[in-house]
Every structure is written in structure tokens, then in C-alpha cells.
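Chemist: Have a look at the structure that comes next, please.
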Amino acid sequence: MAASCNLDVIGEDGGCALTGGWQPGAFERPYMGFDARLLSTNSSLCSELIFSAHLMQISPTPQPREQVDVCEDPDNDPPEPSCAQFVDAVADSLALDKLCLICRTIDLYRRQFGLSPQWIADYAMLCTKTLAAPPCAVATVVAAFEFVYLMDKHYLRRGKTTLVGAFARRVLTLVDIQRHFFLHVCFRTDGGVPRCAASGTAPAATAMAGLGMADKVQYSNYSFLVQSSTRAMLLTVADVPSGDDGALQAVPHGRHGAGRPADGGGGVFGPKQQSTVAALMSWKECAKMIDCSGSERRRPGATMTCCERARADDDEYERQLLSTENTYLGSADNQAEGGNDTHLKWGYADLTLLLLSQSSTWEASEKTSLASQSRRACVEEYWASHRTVLARDTAPRFARFVDADAVPDTATGPVLATTLKHVRSRGRTCAECVLCNLILTREHWLALRRFKRDVISYSSNNANLFDCISPVLSALSDANSEPLAGDCGVGGGGTCPEDSGRFLELMHAAGTEAIYKHLFCDPMCALVELQTNPSVLFSPIGPPPEPDEIELQKARLASENWFSGRVCAGLWALAFTFKTYQIFTPKPTACAAFIKDAGLLLRRHNLPLISLEHTLCNYV
């Protein structure tokens, strides 16, 4: 996997690609984690990750001659290419008893080269940033990019080894990245229940003692639930109905996929998915053991739930940001980005547009059409230029998908990068939320908070919140718009970030229903917002830190070995169960029981949402 260069990307001339495609000076700046400017250091890796986010189609295996109906018309058209076998191969990574390939990769480097203290410090920063980032498609791609960046930064010159090309060869997949950094979170040390103080530091005794057996068993049960849910939704992408092997029934799919949007009915669990059914049915017992608001795990003296603490921290961060906004925007950003590199600041928004246009958006525009065309062209060009190399150097379990009949499925979109990995749509909403991806940029995080306040305060009467979204969005589209409310809290007012229209473009592309779902209805979107820790994810407020300060911070993170989430795993168990039930509708009695129990858990966390019943039945 990470052996010498004969296992890495081979150039056109047959020589070793020892540079890995990195720009000169790519590894010179101190690593800070989730830095949008890093994407510009290796365009080849960006193309590779976009390619690896798409499914592969192959011709279905023909039936044995003795099974063919003798009366069948020999002139029938051959079956269309299918992604079913590829989906099955990818979904295998989400089994609980499969090795984490990211952990295995790190272990291979450790055994072959040793892990330097500098690498450990950088990796600790990456882990900290992913725990503070919103789980979304762009975050998954960024985590993959920066994982490769760190391995090459420390081992490309020293070991003449590069991870560039590993995702194209399917040695690693974006599903492995999601599992390691966002689903199971192999490096997490809090057992799924945030125990950190408001300052973000770990209790010394807890950090020293680590997790007990009971904590790890309970967290493994949670991990099985979320991985099984993700796997079940991924398997719905297979475009053939289930047979006697018990695979999931395919769901008519896609905003722009191979079928019409699905407006009713649910998927069907087959016999092989009965363990997933059992896990979903027992979600409440699973959540109870990893719920910060429950009697089993509430810490003595705790007065705030994880959600209340996260909201309080966000409010305080926004107050600090706005108190230094003029100085910060006038100097620090410009110093950090320097002249002609200002556009790199919006790299995550541009990546959102590229990945999600026409696969997770409803309102078409010239920019979304061009972005969708660019994504398809990127995938097709990468496949055309690397196909020969990949045919002789691809992971064995994916070797079938580089044969002569294999072709990337560009119509379905970057399914493997998305959080929920299905392509179903309902009520003008899609599996991947555009607004969740916007949160990765500080200015857009702030703009979304202001936008929500403007929607809530738009009318002093009892106007429907849904009806308030369009006029607020329309007012924001006017460059000379005035604040919509006199005083709607800190940072109130209808202002937009100066991002050359990126924020408005993506908000319009998402559509009113998707905005409404994200802001007020969907438990997954609500948790994504709360999980995002701006004081950790974004660069510090004020002047950029000195390189020595950055290195000291990373060393502290590595030595403390305290990696805690912001939202307790019990709420994530609820959210994943909710999203799975949107695709696989439970029976009425089970559905009513779930809505009741989910509502109680959300109320205990003081997390108000509009009508879980409506969201469950009308959105995805």
C-alpha cells in the first residue's frame, strides 16, 4: 500500500512520480489543518479525489447458457451497464469486522519508516480539525486530501513513497476516510460523550485513564448502527432489484439520476440486512448509553447538555469575531492570503459548487450547469488519461472495475463523497445538504447564522417560517439591501460575505425547501451545525499565529491525546436512524414510537425542530 514507488503512481514515461504532483514549496508552510489554500498545491490529487467519489459501471455478468430461456428473443438489446457490483464492493468497507484501512496505512508507514514526532503532531491537528468540522461531502474530500498531504509531506522525500494515486487505485476509498474520521472516529477518546469543559481541555484523570471496556463496547454498538445505516443507504444506489441473495431493493433515484424522484414508498430490507433492522429498532437503548442528558452518563454537576454548551460557545465566538471584525477583515485575512491568492479563501465553496451542482441542487443556473459539466469532464479526463495505468495497478477487490467495459458513472454524481450515500430525492430535497457544506468557510458559517436570524425576525406576526425564506433571500440578492430587522441579535442584518456571489449562488441553487429543511427541520442538519466548532475549525481571530505558536499547539494536542466531539453520540444515533427511516419507511406503529422517543431525546437536549413527522415523510 505504501511501499516503494513501483506501487505508486506511474508516469507516462514509466518512471516513478517522485514529486507526487505537488507544487514547489507545497510543504513549506506550517500545517494548520482544513486550510482551503492547500487544495491549490496539487491539482492532480484534486482530480483523483473527484474521480474516486464517483461510482464505476460495468456490464452485468451474463447468465450461464443453460439458464437462458430458449424462447428468449436473441435480438434483445444487451443489458445496460450497472454499478451494483461496484457498490457492493465499496459497501464492504462499512462492515464492523473489517479493518480500518486508514489505520492500516498508518501502521504500514510506522513499520516501514517510523512515525516522527512532527508527523504525530500534524496528524493530531488533522484529527482535531475533523472533529470540529461539519460531516459533509466537502469535509470528506478535504480530509482525504490533507491525509495524503501529511503522509507525503513527511515521507515523500524520506521514503520515496507517495499516497497520491491510492484513491484512484482504490487502495483507499472515500468511504474509508468517512469511516475513520467521521463515522467510527478511530482516534476519539471520549467514548462518544463529550466530557470536556467549556475551555476545550480534557480532565487530566480522564485523559490518563482512557476508556474502559464498557465504554468501548457501548461505542462499538453505536458504530455498528451508524455504519450499518450508511451501508444500507449506499446499497440503494445499486440499479438492479434484489434477487434471492437478499440484497436491498433498489429505490427509484436521483435528482438527476437514472430514475424519477421517489415521492413515496420505502426501500425494502432483505434477509442479509436483518442485523441493520435490529440495530435500528434498538436505537433508543444504544443512544441511552452514550447520551449526555441521560441519567446513565450525565456527569455530576453538569448543568448544560452538549447542544446547549455548543450554542453558548458559538454565540461567544460570534461576539468575539464581530468585536474584531473590522480589524480582522482589514488585515489578518489579507496578510494570510496575500494579494493574488484571495480567491483561494473560497476554495471550499468552489468545491461545494463543483461536487454538488445538479446532483444535490434543484434550481438550475448557468454556474451550476457549468460546474456540473466541469465535474463530469474532470472525471472522464482522469479516467481516460489514467486508465491504462490503473488497469495494471488497482486493488484486487476492485480489479473488475478497470476492465475494458468499465466506465465512470458521471450521471449519478459524487456519491462516495456524500454523507448518506444515497441518490434519492423527495420534496425538492436531496441526500447531501448544500448548506451543511457551506459551514466549512468562516464567512459562510456566520452568514448562515445571520440568515436564520433574519428569517425568524422577518415578520413580527405569525408568518410561516417557510414563507419568510424567499423574501429574505431575495433581499440578500440586492447588493444594496438594508438590514431586514432593526435589532435581531448580535450580527443581525441582511449582509452577505464579499465572496463574489458564491454564498447567494449556492443558496439559490439549494432551493427554498432545502433551506427550510436545514434551518428548522432536519435533526442531521441541526447536529452538523452544532458539531462544527468555529473556534477550533477556523483560523484564530486576529493576526495570524506565529509558526512557533502553531507547532506548540500541535505538540500539545498530540501529547494530551484528548479528542472529543461536540455532540454526544446518542444524538448521532438518533439522526442516522432518522435518515435511514426516510429511505426505509418503518411500519406505522414503529414509526410513531420512533417519533415519540426521538422527540423526547431532542427536548432533553433543548434542540427544537419543526415536526419530525413532516420531515420524515416529506424530505430526505
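Quick reminder: no glycine exception, Cβ is built from N, Cα and C everywhere.
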Chemist: Per Swiss-Prot, what member of Cys378, Cys525, Cys568 joins Cys306, Cys307, His605 in binding Zn(2+) 3 at one site?
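Modeler: Zn(2+) 3 site check in Swiss-Prot: besides Cys306, Cys307, His605, the record includes Cys568 out of Cys378, Cys525, Cys568.
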Chemist: For the region 'Zinc finger 1' (100-186), jot down how many residues DSSP puts in helix, in strand and in coil.
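Modeler: Output for the region 'Zinc finger 1' (100-186) reads 62 helix, 0 strand, 25 coil.
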Chemist: Can you tell me the CA-to-CA distance separating Cys306 (Zn(2+) 3 binding site) and Cys525 (Zn(2+) 2 binding site), as a whole number of Å?
Modeler: 16
Chemist: Please compare the binding-site residues Cys186, Cys436 by how many other CB atoms fall within 10 Å of each one's CB, and tell me which has the fewest.
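Modeler: Counting other Cβ atoms within 10 Å of each of the binding-site residues Cys186, Cys436 gives the minimum at Cys186.
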Chemist: Tally every other Cβ atom lying within 10 Å of the Cβ atom of His605 (Zn(2+) 3 binding site).
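Modeler: Excluding its own Cβ, His605 (Zn(2+) 3 binding site) sees 25 Cβ atoms within 10 Å.
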Chemist: Restricting to the region 'Zinc finger 3' (306-605), what is the model's mean pLDDT?
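Modeler: For the region 'Zinc finger 3' (306-605), the model's average pLDDT rounds to 90.
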Chemist: For Cys100 (Zn(2+) 1 binding site), what residues in its own chain, 6 or more apart in sequence, show a Cβ-Cβ distance under 8 Å?
Modeler: Asp176, Arg179, His180, His184, Cys186
Chemist: Once near-sequence residues are set aside, which residues in the chain of Cys433 (Zn(2+) 2 binding site), 6 or more away, have Cβ atoms under 8 Å from its Cβ?
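Modeler: Once residues fewer than 6 apart are set aside, Cys433 (Zn(2+) 2 binding site) is near Cys136, Ser360, Ala510, Ala514, Lys517, His518, Asp522, Met524, Cys525, Val528.
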